[in-house]
Amino acid sequence: MSSNTPSSSAGGVGSADAAAPRRNSKRPKYSKFTQQELPACKPILTPRWVISAFLLVSIVFIPIGVVSLFASRDVVEIIDRYETACVPQNFSNDKVSFIQSAVDKTCNRTLTVKKLMKQPIYVYYQLDNFYQNHRRYVKSRSDSQLKDNSSWNDVSSCKPEDMSNDQPIVPCGLIAWSLFNDTYNFSLNNQQLAVNKKDISWKSDRDKKFGKDVFPKNFQNGTLIGGNRLDPSVPLSEQEDLIVWMRTAALPTFRKLYGKIERDLQPNEVIQVTLLNNYNTYSFNGKKKLVLSTTSWLGGKNDFLGIAYLTVGGLCFFLALSFTVVYLVKPRQLGDPSYLSWNRNPAGH
Amino acid sequence: MDSKTPVENLYSVEPALNSSSRRSNFSIPSKASGGNSIREVNFSDLGSKPVRYGSRGADSDTYSTSQKEINDEDARLVHINDPVKTNERFEFAGNSIQTGKYSILTFLPRNLFEQFHRVAYTYFLVIVVLNQLPQLAVFSREASFMPLTFVLLVTAVKDAYEDFRRHRSDRIENNTLASVLVNDQFQQKKWKNIQVGEIIKIQANETIPCDMVLLSTSDPTGVAYVQTINLDGESNLKTRYAKQETLLKIPEKEKVTGLIKCEKPNRNIYGFQANMEVDGKRLSLGPSNIILRGCELKITAWAVGVAVYAGRETKAMLNSSGAPSKRSRLETHMNFEIIFLSLFLIALCTVVSVCAAVWLRRHRDKLDYLPFYRRKHFSGGEEDNYNYYGWGLEIFFTFLMSVIVFQTMIPISLYISMELVRVGQAYFMIGDTQMYDESSQSRFQCRALNINEDLGQIKYVFSDKTGTLTENKMEFQCASIWGKDYSGGKAMSQDQEDGYFVQVDGKVLRPKMKVKTDPELLQFARSGKEMKECGHIHDFFLALAACNTIVPLILDTPDPTVKLIDYQGESPDEQALVYAAAAYGFMLIERTSGHIVIGIQGERQRFSVLGLHEFDSDRKRMSVILGFPDKSVKVFVKGADTSMFSVIDRSLKINVIHTTETHLYSYSSLGLRTLVVGMKELSTSEFEDWHSAYEAASAALMGRTTLLRKVANNIENNLYLLGASGIEDKLQQGVPEAIESLRTAGIKVWVLTGDKQETAISIGYSSKLLTSKMTPIIINSNSKESCRKSLEDAIIMCKKFTTISGTTNNTGRTSRAGLTPVALIIDGTSLVYILDSELEERLFQLSCNCSVVLCCRVAPLQKAGIVALVKNRTLDMTLAIGDGANDVSMIQMADVGVGISGQEGRQAVMASDFAMGQFRFLVPLLLVHGHWNYQRMGYMILYNFYRNAVFVLVSFWYVLFTCFTLTTAISEWSGVLYSVIYTSVPTIVVAVLDKDLSRRTLLKYPQLYGAGHKQECYNKKLFWITMIDAFWQSAVTFFIPLLAYWGSTIDASSIGDLWTLAVVILVNLHLAMDVIRWNWITHAAIWGSIIATFICVIIIDAIPSLIGYWAIFEIAKTRLFWLCLLAIIVAALIPRFVVKVLYQLYTPCDVQIAREAEKFQTQIESGAVEIEMNPILDPPRS
């Protein structure tokens, strides 16, 4: 009563009219939103729903698994691990000194095609135990320098490969410094097998990340030579090996595209590979492999995804079955109030 | 007018005035404690003195004036009308106020300083600072600063806006004009320029600019009426008095000088003590002589005062502080989990650094030449180690770096999300139309923003009675006069023509409220005082009209000839009595400090008020000494029955006393509040004795209250019993149903009241708190020993009831419901002996076994003691609900305090965490909003733990494949945006909007509230399940791409994008799987977040300077990417889905069943089911 005094004192007896708008202004506005009553869908996991969900997953997953497995099987791969074989016998105990010496590193390998390989056949080199994702390594690059000639001396992030003979290195950094420098020459029936090294890198990298006016400078001039040298007259945007190398791999076992062979290889054809085994993986026991591979719609040869899909699909099928069985054996009526704890407890005691 | 013409009268007015000033100086603190004793404790009992709540009561007042003279060093000296001299040492604040915290210059440093007071932000900052060390720079500078800057910015903008509003209102307030005496005339001056010591004149309806001591007012007796609604929210008028000595001074004409010596500024708005020296006389000043900033002057045409406290030193400003902060139970639990997560974080970091240590040791010979390590730096000519600080330091740095990388394991964003979610929840609670009180037009208020979820776990409700269970709208119901019971007034007859009225100067005066009258009594009352019986009735109503502190206000009505009389007073009981007296023809028309005018049966009569002994909690009665027009002097006393019967002259009419006692008993068992009225006529000598004693006591500077009490005790004896009144305090609407619901929900309701035991029990029955099925155990003891004994007996009895009924009902259907419920009724006196002694433990045992506990005649502090009794012994959540100042301590003590914004002041509301208009809103508040909030918040916390853990673990797995060097495949910007954009919105939206059950279901089955009691939504088990799930999901997310891309040409950025998208889609779908109600906002938030993530990833990968340029486009071209994504999501969610399905189908919780019932109700809703459901509503579960 007393709290009403201000409003009712103003209008006296006839204060009802005056109070009405006031009340309206204070009363919370009614809307479905403010009352938390927005129309909503309330899905409930009914057994039927659950079983169909599992069935659906298995119906989708098993075929995908089968198809992926087939795709992976269709891929023909020739893998040749050569880092041990290409070390002469007399260096077999000290491979590091071999690779650091000035001995001729040429090595001949023979690959036999087992199945028909349709073009394009991708030539990769595969490194093992090479941590291109090492923190020190991935940080040691200068994107601005690669892109733009004017920032050629922006090498602060490139340590320890930033300067050589007090001059900035272009391209600087550990990644560029350690550029892979084994080379492969393929010949089939004594005929040179052309390897197309064009367009092996991402177009986006060539266009936007590596400048057309940036030329290698002062590169591999230091005390310690890490890897390949670059032709100072070719702009970085055309140094595709470098561009591929600089897309650092995510995992310690990785392949890098070397080139493409653009002709079919028939079964039982023998390919002679003359390679220069220059790259030092011996200091960290890294393996080097040469890989020739066709591709499928799913990429390279990897059974994992197919198996994974089959497993998940199979599991879901099994779950669907077992839920059906359980549902048939021991059904529970949904929303049956007799299951409520306060209805159940009396019986339980 | 002529109150001062008789010379001796002049002197007699002074003490009267003084006493009434003393009175209100009492009655204002009484709002804090004693005042509720006027209405809540109802003149009955306030328990013993030492347990009174707070220090603001009358005692402190007594204390201060009697024992404590203000020391010079503690005092502030104010030279009236001499601000320069007053403030010559420049120590007093000016009157300009600055509630804004910051100025433009100080904003940045101060705001940052305040923000970093939070531990979470400091953690953020430390991480960022660590990241800036070159050895540890994991993230780029921009990326590392972003999250912190974002959070700081959002908070700073919010603070700045709030501060801007404060500045604006400050400016308006500071520039308001007031008239200040300058050079002997009043001039307009801005508020901010007012200085302590200046004399200020306030006109009617003006706001008072600073705390001032009244010097004079337009009223010849020096009364000023102020409305303190801005200060304490009470809308009734309070009276303030100017001192007699300064009353006649006119500042313009004669220079007023003097010295006020007052206490230092403090925040007690109900206390003030000072001395004033004027014209060589020393006067003492109390709280009734000061008017405070923020109050408004009403009715009084003008008032002149001298500023004593200004600006920030005013009591209003000192009191402007927020609600006390409490921490929610869920958050406390959560902090344990946070500690665990910190340990887990340390474990992860340790694993990484140990592995790194082993790797470095094994490769120590090769480090110089490893192409991806290259320790040696050759460029300078000489060889040195590049960025290598030795094995030990490298490990240490690795550890710190992993802390930086895995920092989100501690979900800092959770704290911010929780704040946002609580604001959202509060918005909906405030906006709930079902918690809007039409009658008082009050919305629900959320005063504390951090305990919303506690509302879902309340186990004990402690409720005040008056004003909480009842409306606190007192209505005069019946009277017993001279041994005769008049309780007939059932229907208001039409022929009463709007009740009683008086005609004055051709104007009709009518009381504002109508009262039901007993026709017989009305007849007697009108028939004059010829008959003996009617004489008693006459005196009885005269006592009701006179013996109070009500101020009548004359209000205009549209009809100019009709005026309404509104009785303003602090005690609703007194208002009811005065209205009742008016209805029976004894209308109080005018009250000044010297006289009252009562219209007796249409005839105006003037009585001089010779003295007034205000109510105090020791005497529990008040008295007024009236000088009648025929020169006779009578003293009228009213008070609680216990205190009154001890001072009534028993030799007279013993049978009248007996019948009155019987009537009183029957009234209180009807739930009425009773008061006993007595009087006696004073002979001249008696009056002289009293008068001189009273004068001496009033003029005393020391111990005045004690002296006055002694005087009162001397006069209040050998009274002549007139009768008793019964006032009904109506039960609020919906209280029985609400109590029923709460009890069904498994909440124990305890009622703590200051009322008498009979009243309390009868209210207990009418509110269905007590039922006829219950066995009441009553404990009324007067000593510690008897307390112990009755407690022990009660425990045995309680056990007997529960076990006997348990065995007899063994065959029956129920075990718990079959117990005879026991109700414990205990009174304040017993509690005095029990609380704070070893008996507490027994009381707790006993009360745990009782389904209802009702404490009557408890003092405010005891209420808090009882709450503490339960709170300290159980982990259960307690809620206290009350409306009065006497409930403040209990509200603050309980885990959740709810204030009823009702009749009484706003102190309960000010101290509460939530405030609402009606008791019954407790049901939607707890059962609906509490349940929702708890479920939402519990889920959100778990989800946030999970969400961050998945992301961190994916990074962790990757680190194992990078030589333990903290490389992240996921781009650092995605890492930063993960908790800001990618996943934050859905969790907040779901936590604000999702409802596990509809309001209807929750109200229909209050038992569902048990989910909160059982901690169904957040507990250790759920936490562990969630963390294991997070572990599995992160492993799936990481290893499927790892194996699928092993030995391929994949680059780090591309696979990082795959992981980013996989994690984001996964956590959003995980949330989607748990959403119960999909409305369009939820859809928008969840799918929108996934789309936003794609867009963000695309944008990030379209920036050429970043390492992952174009990666998403390259990888999205391949089918492997999409197949990986699909496989990750399905494989990661299967375990959770299976567990969820098994749990829901085969061990469903109540909420789940109710949810299904809600959905399928339309199909199975038939009579049979309904009947089967009915037993559910059977209450006794205790």
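Glycine too: its Cβ is placed from the backbone N, Cα and C atoms.
Look at TrEMBL and you will find B:18-27 tagged as compositional bias 'Low complexity'.
Look at TrEMBL and you will find B:177-239 tagged as domain 'P-type ATPase A'. Mapped onto DSSP classes, the domain 'P-type ATPase A' (B:177-239) shows 7 helix, 33 strand, 23 coil.
When other Cβ atoms within 10 Å of the Cβ of B:D464 (active site, 4-aspartylphosphate intermediate) are tallied across all protein chains shown, the result is 31. Look at TrEMBL and you will find B:D464 tagged as active site, 4-aspartylphosphate intermediate.
Here TrEMBL flags B:D464, B:T466, B:D883, B:D887 as Mg(2+) binding site.
In terms of local Cβ density within 10 Å, B:D887 ranks first among the binding-site residues B:D883, B:D887.
Secondary structure from DSSP puts B:T466 (Mg(2+) binding site) in coil. Taking the Cβ of B:T466 (Mg(2+) binding site) as centre and 10 Å as the limit, one finds 31 other Cβ atoms among all the protein chains shown.
Cα spacing between B:D883 (Mg(2+) binding site) and B:D464 (active site, 4-aspartylphosphate intermediate): 7 Å, rounded to the nearest whole number. In this structure, B:D887 (Mg(2+) binding site) is part of a helix by DSSP.
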